[in-house]
There are 4 protein chains.
Amino acid sequence: MSYNTFGRVFRFTTWGESHGPALGAVIDGCPPGLDLSEEWIQPFLDKRRPGQSRFTTQRREPDQVRILSGTFEGRTTGTPIALHIDNVDQRSKDYGEVAKAYRPGHADYAYDAKYGFRDYRGGGRSSARETAARVAAGAVARAVIPHVRIRGWVEAIGGDAIDPASFDADQIDANPFFCPDPAAAARWETLVDAARKAGSSLGAVIACEATGVPAGWGAPLYAKLDSELAAAAMSINAVKGVEIGDGFAAAALSGEQNADAMRPGENGPRFLANHAGGIAGGISTGQPIRLRVAFKPTSSILTPVETVTRAGEATEIATRGRHDPCVGIRGVPVVEAMMALVLADQMLLHRAQTGR
Amino acid sequence: MSYNTFGRVFRFTTWGESHGPALGAVIDGCPPGLDLSEEWIQPFLDKRRPGQSRFTTQRREPDQVRILSGTFEGRTTGTPIALHIDNVDQRSKDYGEVAKAYRPGHADYAYDAKYGFRDYRGGGRSSARETAARVAAGAVARAVIPHVRIRGWVEAIGGDAIDPASFDADQIDANPFFCPDPAAAARWETLVDAARKAGSSLGAVIACEATGVPAGWGAPLYAKLDSELAAAAMSINAVKGVEIGDGFAAAALSGEQNADAMRPGENGPRFLANHAGGIAGGISTGQPIRLRVAFKPTSSILTPVETVTRAGEATEIATRGRHDPCVGIRGVPVVEAMMALVLADQMLLHRAQTGR
Amino acid sequence: MSYNTFGRVFRFTTWGESHGPALGAVIDGCPPGLDLSEEWIQPFLDKRRPGQSRFTTQRREPDQVRILSGTFEGRTTGTPIALHIDNVDQRSKDYGEVAKAYRPGHADYAYDAKYGFRDYRGGGRSSARETAARVAAGAVARAVIPHVRIRGWVEAIGGDAIDPASFDADQIDANPFFCPDPAAAARWETLVDAARKAGSSLGAVIACEATGVPAGWGAPLYAKLDSELAAAAMSINAVKGVEIGDGFAAAALSGEQNADAMRPGENGPRFLANHAGGIAGGISTGQPIRLRVAFKPTSSILTPVETVTRAGEATEIATRGRHDPCVGIRGVPVVEAMMALVLADQMLLHRAQTGR
Amino acid sequence: MSYNTFGRVFRFTTWGESHGPALGAVIDGCPPGLDLSEEWIQPFLDKRRPGQSRFTTQRREPDQVRILSGTFEGRTTGTPIALHIDNVDQRSKDYGEVAKAYRPGHADYAYDAKYGFRDYRGGGRSSARETAARVAAGAVARAVIPHVRIRGWVEAIGGDAIDPASFDADQIDANPFFCPDPAAAARWETLVDAARKAGSSLGAVIACEATGVPAGWGAPLYAKLDSELAAAAMSINAVKGVEIGDGFAAAALSGEQNADAMRPGENGPRFLANHAGGIAGGISTGQPIRLRVAFKPTSSILTPVETVTRAGEATEIATRGRHDPCVGIRGVPVVEAMMALVLADQMLLHRAQTGR
């Protein structure tokens, strides 16, 4: 069954395919009285927009968002907010070959197995183009939690990681890779360029941090904040791994090493470490929330790969069309959006339960 | 808000605290006509039961399950199945100190921040004791998908990993660590024993694999199989990381390296690799589903750690009481159960949508 | 909290206000492979469209639906179906007075109490205009259950009821009242005309029947078919009462009178009566499903009524603008749509649970 | 699919059959810090308990509730609250005949059609015994909204209604019929006694009113307060009709007659009438919420009725066993409970959205 709604009280539903006329999101459960305009949303979409450097797909989409409902005189009314983005630059003729054979690593075969047929143009529903709708919805979520600051960056491309010691937040927006380490950014330019020219692709690790989340958001178990963030991140196309705080590294530690000791602080305890990524027992501690996400390399590559046709015959396929050599780069605003959407939902749930 | 229901059409809700009179689960949406008895469920609980070796907590719980509703003459009726497990061996007096100060790495402070107060006895709701209810529910889920085989094991403890070349499935149940590599099991005996004697604790990585899942279960995006599994795994206490297939390792690959090439096979394509962990575009491909989960070391350790009291004063705390030196070990049947619960739900959703 | 999604596995979300640029629905969970086009949906919208006779509002809306996602080459793909309808004939200047004072019987005061402010133009979100989105979604639902026939009619206007003995299904579409009794239709012409000219309004009772529903859809209690239909019908603007089968009349019967006796039939039992409205114990029996719905008279009337301003001062208000003298008439296609939406959802749930 | 969870953020799930060992409810989403004990819940169960007069079933059930989780030192902790009630007085041997043939008006045939088989003992899941779990859950809901007063009564039995002019709230608990009109209570004694002696049964109309609900709870459309109450009431066994405010009577009025005019009041407007039953546009107005519910006569009667066997052969069936001659009487505490459950949920949703 296709499930395209996310969230519990702040819920959004996305729709749209890569090569349909438009895509969008409907946000239900947004509090009334918040300032909201297309001008507020657009910069987030611009950050994700393709075609801004030679390191992303050359598909040209203005990604202009329109608000079709749910606001009145510049403020939210508490009713569903419909966000609409037209698709402008589809080129369906690129996909003739894809209609006949399954691209390895892509959803093609699984789709056919599930649905019996598929919209093969640009990946249809499983295109990364869908993430535009998430980013627009995420901008609305940010308006719900104005005191929370959410910031993502690329931590590694193709296995080449930044040097944590060189982390400089001001650098993130100063290069086409959302890279906080200038030396790494320089190396990635060579790396991604080479992949692009070879028609290859590279995986990436994205990190995202939220500051300003007070202690107390989340739940002990099934909707624990870790679980909600994991579901959100893993719902993005191409994501195959998620970590909160130290993640897999914590599995190699002892209890002493992993303890986030506390000293008296001004507003609640002052923590001496943040192995837990700002979440203990599923609930925020007031420390920064830390999330890491693994994007696989996109399977759209020029090198022919062995595969089968719909009829089950052996063949090879090379993916033409316009693609991101490293889809993880544009994943940064998407991961940020998903974090904003989860946190806005949790803030409202917390308010429901506690009145605060 | 506390959310303790998981699943979309095969849904279960758990309840119970570490030191309450009992705990349990209610399963709603189970198909009618399945053979189900306490004898079917009990072996799964026995596998998770504490006190079976010196490597787990010495709390003695028989964990006898009773089915209180939803079956008639040994078969499910399609109505809610209530599973009930009595708590027998609580020792609340162990927790006086915990009432006054926050254990670092535990849920204590976050709970107080959220709820204003907490049941401090044994971690209350966030105790790993809750996982008994999941394991019982998971046994019911397995009855829904009898052709699917789900098998988990421990892959690493405290950073010491198995040798994949020595993997022997028959060894998994032959040692107290669910370890498929006899040499690693021998090393872990020394390792965990040392941690236990020192009152320390160790993290672990659990792997879990499902075979027999046909191509087609899952959804492209928000309820994609990866996302459902991630949410399920991350909802378990102490879990801080999740990977599907190659996970973070895929982020270091190129598209060529990560492609799961296909050749014609007997029933659908034959895959030449399984980097994707059996899931492409959120939908199962017919290959084995592969999941890896990181458990942090439990924060219950004898070494005093700096912390603060409820009143905000500096203090130190050492956790007495009975605890698992490596909570990840008993996580194996829990991760298996969560995988079964997700797959049963997805099977029913697939059947709803396609009639197959 | 605003909740604008309805359904469990066949779910739809509507958005849009009376005087916004557009309105629409997103359908999630529709099975793949169904024939679906704008041509299929449009006739249902046309049936509901305003301005077709002098007995409905004179607002001129073409209500042309566009499918923006979820189909490929004329068939559903299993992904979200976005339906879009432009608003064309808004006249916001009609509503100046409404901005200042609360119209009795309307949502005005309650909205302000909840949200702190409101979109006063044409009732905003609570306008009957929203029902266009339901009718479009209902047309998609009908494609899911092609063997089910759903047919509604008006049973009474302003307390003047049809004569059941004169019921003639062929008459329903032969007059502007969806009236199956020609004599009643003639009387209603006078009645509604008088109300229209006086600037008054009238309530109505709508009946709706589904045939072709097999025995077995529904659930014993919380999602019992009666309950789902009641929630669906009561979610329509202006509806204040719902009955299944004999409804309130059954409360005046004895058990003997109310028994739907059975005799052997060709496919399952042959029922000798249908007091239960085709639903016993929450589950369909194979008999026609019978639903009755009470629409109150719209509160938009020309007669001045005592009310208060937003500032709390006494005043009087008369509602200008264009309105239906009997909003229940156009409720017929809306009730039909809601019944189709509930039944499509139940069919899929039944298939999930039973494989049939 | 069986769905046994109700509510959006204050959610409860019930389980249990008429002749199983026990029944219960799990409440998830209850705010922390509320006083809650078995002593608080028990009086509500006592009000519903069978065998208290000759006018209800003679099954003897103490209906002692136990709280198994979710409280600590007499207060709710914010985690799931498990309520448990043992079944004590089952007599399964009464049901031999029911196993073989379908009781008309009962769920028997529909169950078999859906599930393929059924627990025939006492109606299994569709027994009115399940309502004990609702009443217990409803008591918890009342603790969430202490300022709301909810009071139900019987308005008519077998078509014999109270005289509204004789309404005396103090009389409701002074007779075994929850009847506010002493003269009607006297007539009903004769009426119900006659039905009981004849082995017949009678339908009933229940009214329920909530005062103290502030203006602003609810939502404009799909979760409008009317719709939530209708779903809640219609989810009770034997209920076939629901009205909010004037309900079907409103359908016979003109807009002038149905207008609830307003004058300036102390806290918000003072309403001159309450045709709307305290809900306008789906949102509470601050007036009393008024709900009416139709219970059909139970189909368990001694008079033989024509029916068919499971094998499809013609037969007759008379229902022995112990039954309520008028199941609507004990419906009063059940309808009250459902209203409390809906309002507690809406209060929390309102608080989530508005912070009030």
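Using the three backbone atoms N, Cα and C, a Cβ is placed for every residue, glycine included.
The annotation NADP(+) binding site is assigned in TrEMBL to C:Arg48, C:Arg54. What TrEMBL lists as FMN binding site is C:Arg125, C:Ser126, C:Ser127, C:Asn237, C:Ala238, C:Gly281, C:Lys296, C:Pro297, C:Thr298, C:Ser299, C:Ser300, C:Arg322.
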When C-beta separations to chain A are restricted to under 8 angstroms, which of the binding-site residues C:Arg54, C:Arg125, C:Ala238, C:Lys296, C:Thr298 qualify?
C:Arg125
Are any of the binding-site residues C:Arg48, C:Arg54, C:Ser127, C:Ala238, C:Thr298 near chain D, where near means a Cβ under 8 Å from a Cβ there, and if so which?
C:Thr298
Which one, from the binding-site residues C:Ser127, C:Ser300, has the smallest tally of other C-beta atoms lying within 10 Å of its C-beta?
C:Ser127
I'd like to know which of the binding-site residues C:Arg48, C:Arg125 has the most other Cβ atoms within 10 Å of its Cβ.
C:Arg125
Between C:Arg54 (NADP(+) binding site) and C:Ser300 (FMN binding site): CA-CA distance (Å):
16
Between C:Lys296 (FMN binding site) and C:Arg48 (NADP(+) binding site), how far is it from one CA atom to the other, in Å?
18
Roughly how many Å separate the Cα of C:Arg125 (FMN binding site) from that of C:Arg54 (NADP(+) binding site), to the nearest whole number?
25
Using DSSP and three states only, what is C:Lys296 (FMN binding site)?
coil
CB contacts for C:Lys296 (FMN binding site) [other CB atoms within 10 A, all chains]:
31
CB contacts for C:Arg54 (NADP(+) binding site) [other CB atoms within 10 A, all chains]:
13
Using all protein chains in view, find how many other C-beta atoms are within 10 Å of the C-beta of C:Ala238 (FMN binding site).
25
